[in-house]
């Protein structure tokens, strides 16, 4: 019985996806294409689909990206990220492709992590497949499940984080993993901070990953210079280094190398200081901790700490996390011992208490209670003084001296002042001494932010506003207030600070002009390391998010933090003329403006702090408390067995239930309201037949038409899931249109029938149908355009229904059928339905065709662009050869002694193979390719046709497949090539002849 119940849940494809993921996880090197340099040149929708499924490629990429932090395999991680972008981000369709891609990436991450939890993996695999259809309602539910905010599909939201860390410092994610997660969260601008120095390999990985995912990246380095005998925190961010090459060239300068070496020496010195703190903990703090928690814990070894930290930098935070992990292990061991044998009531109480300790005891408790975090920097300063000349110079450098050193490295940069351990008087003094070089202030750092204690933040914001406004009166008032507060503090009197601040007050005009060129801007960062216990990375300006998301954020208690910050924004609309307007409609007034391409862009202007209000800035991550109560399934790793729900039914059964549920109200309505046997028993079948046939015809016409030369069959174009949804909702329209509208409202109440008002009858029914269609489209989460379009298609169907009614009446009259109007009255709802579906068939087929054509143009344009880039490289290798004759003797290219020539020839073959696959298997690829080739210049056409003829080298291409250009699973792509390439080349020859014929038929205008 249980097996029978289980059989109705999940699909065979779900099990297959899990099998693929687990096989990759267990033996990643069994993938034949691992390490193949040419594999990335294949298009994700091209011929490699025959070798490996998209799910397999995505699983391999996720595993390679997430599991290779300590291996240091940067190239593999970057290739994995590029593969994910190709396979998921750039190829997903549907109404909301960006958000669908985000969900798919998140699910695939969880699917990989859930190895060993078969039931959980099944649910994730099913969710992955269902989400891949791109249904808005499904995608939005999954976004909510993963606590991800929906982003606008224009990808123009203002989302950022000015302070995050990767695994090379104190984070737990590699740079590539960090960038991927930032994109999943919807972040568009990111600033990644390193401590004291940066390695070129780290910069390379970070910059390349950000380029792949199109994230605006800044790399910052945090320094700890001295100011008034204590360490402060500054962040340096370079400017004028726009790409990877210039940044790496900068890091290769001798002066920069020497500067970074000083940072490495500081980190090594800090490591020794951490060992000292670890020894102190072992001697005293450990004993105190064991007494407080009633546990037994052995001394912590320094060697284990280093292994725990890798590949990051040893830090105070890492030390606390390492000790915390040891505490949890000690508690687990103690619980295991207590559970051995029979458990007494006292032991059960002890186990409960230890379990509660495991949940409640946090890293912050170790920092505050057992490592004395408040005195870390003062202790480090004392340690530096104790070591004297042995201490690294960077830990002895004063604030202004460090700025001078940075000045010598690069002309253009930005310095951000971190408010940690600083008061308003410190900020004022540092701004003055920097002579305008501090141009950013990190006003909020989520790790240190306390909404109930923001006095310093507000005072600094007041100072920043006064400086930027350039008002001497306001600036004097702010400085005077700071001086008055300082004079009340005895410690500052000893430091003679009031005299220094008075000097600034007397030089207020010069101070104001220091920031004329670079006004002080505010920065907000999460200081996220990707570890539990804190807010995740990212902030969003609520005004730039979709309307439904704005409403949800303001209504629900989602655990997100609303910051008291208002970001003033402007919406800029950029209008571009349409690429092409048919001559048949170009004469219509205003058609160019109507068809123009509009791109909206949000522009942030300035920040305003409003402590009394929530502001319009919200965290993308949830609070630590909410996270503990309701963690992501992926993070928690729970193996709970939840009840199966309807959404996990296997697809054929689910589609059957949808059709059945829709059929019941339709059949009941016809049986209970019609006395003619044909409508009574077969009315619902006729109704469903109209909808079903319309869906099939529109899908076929939209995908490629009845006459197709491709390998796709007519049913390959039909989405049976979409058809089932359509039949579900059309069933409920029967009682609405036939009974409520036609019978109760029009006939019984208003007395309107076919006899006295056919136009009014079909108008009201069309309007009711339009309202119903729009309502259920909105309920299903379809885009606004689809909702509006379905309403107006019902309005357009009104004259069609009137014409159909007249035509059917004429035919019935011709055959002398008695009571024609009575018959038409009974069939009025079906006639209205038929008219609506006729209009829908034309409109939706055209819409499907437009979508397919746009996608195919995008795919083909990418391959053609790559072809011309490759050809340009070939031209440079053959400077003395006529540029259009290089591919004529393609055998010479394949056998050339120059390996680069052979590689470029292979890339041209790969390009042709992908276009060959497009032609045979992708909807609307043939018509799109023909149109794009016809629009090429004569030279480009010659190159294109010569490149396709490279497929004639059957022996060479077969050898490429056998040698593993697509991995070990080469049998399907090889057989596809051998069987069909001649047919493809014949079709290309016909295209060539047709284009040449059109060219010869052209006549100059007189």
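Glycine is treated like the rest: Cβ placed from N, Cα and C.
Among the ranges 679-702, 703-726, 727-750, the one that TrEMBL lists as transmembrane segment is 679-702. Among the ranges 641-665, 791-815, 816-840, 841-865, the stretch that TrEMBL annotates as transmembrane segment is 791-815.
As annotated in TrEMBL, transmembrane segment covers the listed stretch 904-922 rather than the other ranges in 866-884, 885-903, 904-922. Long-range contacts of the transmembrane segment (791-815) within its own chain (CB-CB distance under 8 A, at least 6 residues past either end) are made by residues 754, 758-759, 762-763, 765-767, 769-771, 773-774, 821, 823-824, 827-828, 831-832, 834-836, 838-840, 843.
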